[in-house]
Structures are given as C-alpha cells and as structure tokens.
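J.: In case it helps, TrEMBL gives these features for our protein:
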| type | residues | note |
| --- | --- | --- |
| DOMAIN | 30-543 | domain 'Major facilitator superfamily (MFS) profile' |
| TRANSMEM | 30-55 | transmembrane segment |
| TRANSMEM | 67-86 | transmembrane segment |
| TRANSMEM | 98-118 | transmembrane segment |
| TRANSMEM | 124-145 | transmembrane segment |
| TRANSMEM | 157-179 | transmembrane segment |
| TRANSMEM | 185-207 | transmembrane segment |
| TRANSMEM | 273-296 | transmembrane segment |
| TRANSMEM | 311-334 | transmembrane segment |
| TRANSMEM | 341-360 | transmembrane segment |
| TRANSMEM | 450-476 | transmembrane segment |
| TRANSMEM | 488-509 | transmembrane segment |
| TRANSMEM | 521-539 | transmembrane segment |
Amino acid sequence: MEGVVHTGTDASAFKECFSLTWKNPYVLRLAFSAGIGGLLFGYDTGVISGALLYIRDDFKSVDRQTVLQESIVSMAVAGAIIGAAVGGWMNDRFGRRMAILIADFLFFIGAVVMASAPNPALLIVGRVFVGLGVGMASMTSPLYISEASPAKIRGALVSTNGFLITGGQFLSYLINLAFTNAPGTWRWMLGIAGLPALLQFILMLLLPESPRWLFRKGREEEAKVILRKIYPADDVQKEIQDLKESVEAEIREEGSAKINMMKLLKTKTVRRGLIAGVGLQVFQQFVGINTVMYYSPTIVQLAGFASNKTALLLSLVTAGLNALGSIVSIYFIDRTGRKKLLLISLFGVAISLGLLAGVFHETTSHSPMVSRIQTSHFSNYTCPDYSSATNPGAWDCMKCLKASSPDCGFCASPTDKLLPGACLLSNDTVKDLCHDESRLWYTRGCPSKYGWLALVGLALYIIFFSPGMGTAPWIVNSEIYPLRFRGVCGGIAATANWISNLIVAQSFLSLTEAIGTSWTFLIFGVISVVGLLFVIVYVPETKGLPIEEIEKMLETRSLHFRFWEKSQKPQEKKSQAV
C-alpha cells in the first residue's frame, strides 16, 4: 500500500510475493506479460554469441575482420540506444503499454530481416531494428511492472523482468545448440526470436495501461478500475488517495513548464536519483557483463576449447547460472536490500575478474610450442610467416595465431594437445585435414591445462553478478524518480546503459587483440572496485519504501557510508524532529 512503510515484511518478502500473486494472479499476469520484453532483451544478448560462430563460417569477410564481428554485435546496441532514448519520450506521451507494443513490432521485423539476410550488410540492418525494439523494452518493461505492483512486493516482481532476461539468455543457448546441425544454423537462431515478440504483442493488447500513467493523464476512473484489480479491498482506497495526491502535487509544481535537462538537474530529488540511477547502469556494463554474454563462446575458445559445439555447450552453463542468479535475486532483493546486494555483487565480480585475468595470462604465456616436424607433416600448408621466420624455434601457438598474412591456425599434436603441434594456413581444407587425423584445430585460442579455471572464473563472475548488478540497477531506476519525470529519467538511464554497452561490445575483441585478454579482464576488475565505492557513496537503500517516501528520502538524504546499519525512514526522522 502506498504511503505506508512496511517495516515488518522484509524477511518474508518473497513468501508474501508468492502469497499475494497466488491470491491475485492478475498481478502476476501483468508482470510476466510485460516481462516478455526482458525475455526478448536476454534472448538477443545470448543468441548472437552462438550465431556469430556460424556467421563467421558462412561469411569469410566476417571471419577475417574483427571490426565486422563487433559491428554485427554492437549495431543492435546502437539501435537500442536510440530505442531507449525515444522510448522515454514515448512512455510519457503515449503510455507504457503502447511503447511495449511498438517495441514488439520493431523486434519482429528485425528478426525476419536477420533470418533472410543474404549478406553481412542486411544482417546489420536487421540487428538495428532488433536493437530499437530491445532498447524500448529494456526501460519500459520494468517501469510498467513497477507501476502495476503493490509496494511491498514491487522489488520481487520487477526482479521477474531480470529473471526473464537471464531466462531468455539461457533459452538462446538451448536454441543455439538445437540448431547447430540444422541447415541455415544461425538463420534459425536469429529468426526464431520473432515468436516471443509476437506473443507479447498479443498479450499486451489484452492488458490495461499503467494506472499511474492514467492518473497522470487525468483518466482517473480507468486507473481506479485497474487498481481495484491489483490491490486488496482494504488497501485500494488508501492507494488511490495517495496516488491522487502525488499526481496533484506534481501538477502544481510543474505549472505550465516543459521538462528539460536544466529543470531535471535543478530538481534535487531528480538530480540525486539520476546520479545513482545512471551511475548504476554505466557500471553494470563497464564491469564487462555483456562481453561474457555476447562473446561467451568466443571467450571459451580463447581459453583453449576448439569446437564450436563444445564452446556453446560450456557457455550454456554460464547462461544457466545467470538465470539461477535472477531467481536468487527475486528472493533476496526485498529481504537483503538493493544496496547490500549490489556491494556483495561487485566485490565478488572484482575477485572473479582478477581470477580470469590471471588464468588468461597463464594461458597465453604457456601455450604449446610449434614443432618443425609436426608442421612439415603438412608440408604444402605451412604458415608463410612461420616458414620465413628468423627464429622459428621460438614460435608457440599464440604467435602462430597472431600471424596475419595470411591467417594461420594451430593443429594440435594427435597424442596430447599440450605437446608441440603444427602452424598451418587457416582455411577449411587444412581444418578438415587436421580433423581427419584426430587432431584439434585452433584459430581463436590455444590448448591449455588452465582452460577449466577460466570456466570456474566465468561461473563465479556470473554467480556474483546476476543477483546484484544484474537486476538491482533496473529495480532502482524503476522506483527512484518522481512520477512526472519517471519516463524521461528512465529513458536517460537506459540510454546510458546502452551507450556503455555499445562501447564495451564494440571494443572488446579489438582490446583483447591490442593488449591481451588478461589485461582486458584486469581493466574490468579495476572498474568493479570503482563501482563498489560509487554504490557506497551515492546509491540510497530503497527497500520497502513506497515511491512517494523515496522522493522524500532523496530530498533530505545525506551520504550513508555505514550501509550495514539500518537508515532511518524519512517519516521516522520527521517524527523525531517533532
């Protein structure tokens, strides 16, 4: 119920969420129907990581050019930046429901274009359409769920959006594995994404608009009908009254002025909310999560696992852990609190990235040597750079893979992949010759005895990231802004998320080539530590607070360094002052 702080329900928030939604399935229906937007977000994030392996096989220009690979991944992110920015305006002008419907339409068109793309250029066009839809859905779905949820279970229900994001990622890996041997592989992987978009479009046609938005537009009777379906009879009148007062206060405050950036920054509650909300979205990306999700199979191959199918199968583990972490978040987000969960998450992420940096350093500095005898076994296909090298005895697998005129690959020893192997030209003929002798063929990473440690590092990263940094930034952004500014501020935060996502996605592979995988993960680790300090200083705890109380807290808030201690609620401070 709005306007009341629920101090005794934190420990049983998850049970209460289950109890309330069991008694009133309408609330759950709203949350899961809108949450399909999260499923689309997650599916697109995950599916491209596996599809990219086969796109490189079909389009040799993509395989040769790292920038083209990054563009296929990141153009969806570029589209999402525009989608998130436009989505904020559309949310406030046309409503949350209409924004979700338009997002579904764009996503469906993009899926059809990608599945039928005859060349990389058209594939990139399809990725842009999908990105527009994902960007709009990424900030609209949690907003819709938040505004259609009772305060005491709001965090848990918004977490369902995070669960569906990670569930979409897990589903994408299953789909990738299912189509590995099918004709057209990646076309099926990308095209099937149109089905959940179509399903959500139909479901949202049958659902109402956000009651908060309706109140804002003066459509009070429509809003009251929906609120009576959401809240128990003894709570609904209080909720209607509080919401009405909140909207009237905002209308009086805004007068006839239009929303602009200067007005946002001059409003103390909005400015403080934006610092926390935008900062969390930026750090969510800059700690490297989407390098793991977009390039997970590629990272697995860099760790020394040669097969596309093996890389996809092992990446399925990380996607499964990500989905599991979202379920954990649903339980803990209203029990432990947003801030504590964020701090635990960032601490674990920093440790995991340190482990990954160490593992990849060992992998690259102790790769198998190149044997002149093994290479001469394939005399007609020797790597030209190796043949002309002044000191071929110093060549190892990593040096072989870095040869670029033309590209070369490493054919492992038939008895033990860690023993010296052959450095050969990289093409399909040589790859088949290598496989015919029961040898493993490497072009993206080298055999290593430390490969399993990289999987442990990836698993730990996901276990720590998913329950905290995976879901909490979206929850905080769905509840920290005043109602009048919520759509615009949510759009600003989502746009910041996607711009950060674009920077990371477009630079990851180039960064690993320029400074190495280990240094790349070390940079992400340092950013995680900075993010941890940011959360301690700038992010307030919003657990259990109705949205109106959060506004009051931001108005009077001072920095709360002792995050482990319970902070006073705004109304408690007021009563003490009296």
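The backbone N, Cα and C atoms fix where each Cβ goes, glycine too.
Can you tell me where each of these features sits in this structure?
T.: Taking Cβ pairs closer than 8 Å, the transmembrane segment (67-86) reaches residues 44, 48, 52, 55-56, 61, 103, 106, 120, 123-124, 127-139, 294-295, 491, 494-495, 497-499, 501-502, 505-510 in its own chain, all 6 or more past its ends.
Listed as Cβ neighbours of the transmembrane segment (124-145) (distance under 8 Å, sequence separation of 6 or more from its ends, same chain) are residues 30-31, 34-38, 40-41, 44, 48, 71-73, 75-88, 90-91, 96-97, 99-100, 102-115, 117, 157-158, 160-161, 190, 193, 197, 210, 474-475, 477-478, 486-487, 490-491, 493-495, 497-498.
For the transmembrane segment (185-207), the list of distant contacts is 29-30, 33-34, 36-37, 39-40, 43-44, 47-48, 50-52, 54-55, 58, 97, 100-101, 104-105, 107-108, 111-112, 114-117, 126, 130, 133, 168, 172, 175-176, 179: same-chain residues at least six beyond its ends, Cβ to Cβ under 8 Å.
Long-range contacts of the transmembrane segment (341-360) within the same chain: residues 280, 283, 287-288, 302-303, 329, 332-333, 450, 453-454, 456-458, 460-461, 463-465, 467-470, 472, 516-519, 521-522, 524-525, 528-529, 531-532, 535-536, 539, 563, each at least 6 residues beyond the stretch ends and with a Cβ under 8 Å from a Cβ of the stretch.
Here the transmembrane segment (450-476) has Cβ contacts under 8 Å with residues 142, 146, 155, 158-159, 161-163, 165-166, 276-277, 280-281, 283-284, 287, 289, 292, 296, 299-300, 302-305, 314, 317-318, 321-326, 328-329, 332-333, 338, 341-349, 351-353, 355-356, 359-360, 362-363, 366, 497, 531, 539, 542 of the same chain, all six or more residues outside its ends.
Outside the transmembrane segment (488-509) by six or more residues, the chain places 66, 69-71, 73-74, 77-78, 80-81, 83-89, 91-92, 135, 138-139, 143, 259, 264, 270, 273-274, 277-278, 280-282, 284-286, 288, 290-291, 294-295, 298, 473, 477-478, 481, 520 with a CB less than 8 A from a CB of the stretch.
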J.: Assess whether the transmembrane segment (30-55) lies in contact with the transmembrane segment (521-539), where contact requires at least three Cβ pairs under 8 Å among residues 6 or more apart in sequence.
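T.: No, the transmembrane segment (30-55) does not contact the transmembrane segment (521-539).
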J.: Against which stretches of its own chain does the transmembrane segment (157-179) lie, if we need a Cβ under 8 Å and a gap of at least six residues from its ends?
T.: 17, 21, 27-28, 31-32, 34-47, 49-51, 141-142, 145-146, 149, 185-186, 188-189, 192, 196, 293, 309, 312-313, 315-316, 319-320, 322-323, 325-327, 329-330, 333, 466, 470-471, 474-475, 478-479
J.: Restricting to CB pairs under 8 Å, which listed stretch, 98-118, 273-296, 521-539, is in contact most with the transmembrane segment (311-334)?
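T.: Highest pair count goes to 273-296.
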J.: For the domain 'Major facilitator superfamily (MFS) profile' (30-543), report the average pLDDT of the model, please.
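T.: The answer is 83, the mean pLDDT of the model over that range.
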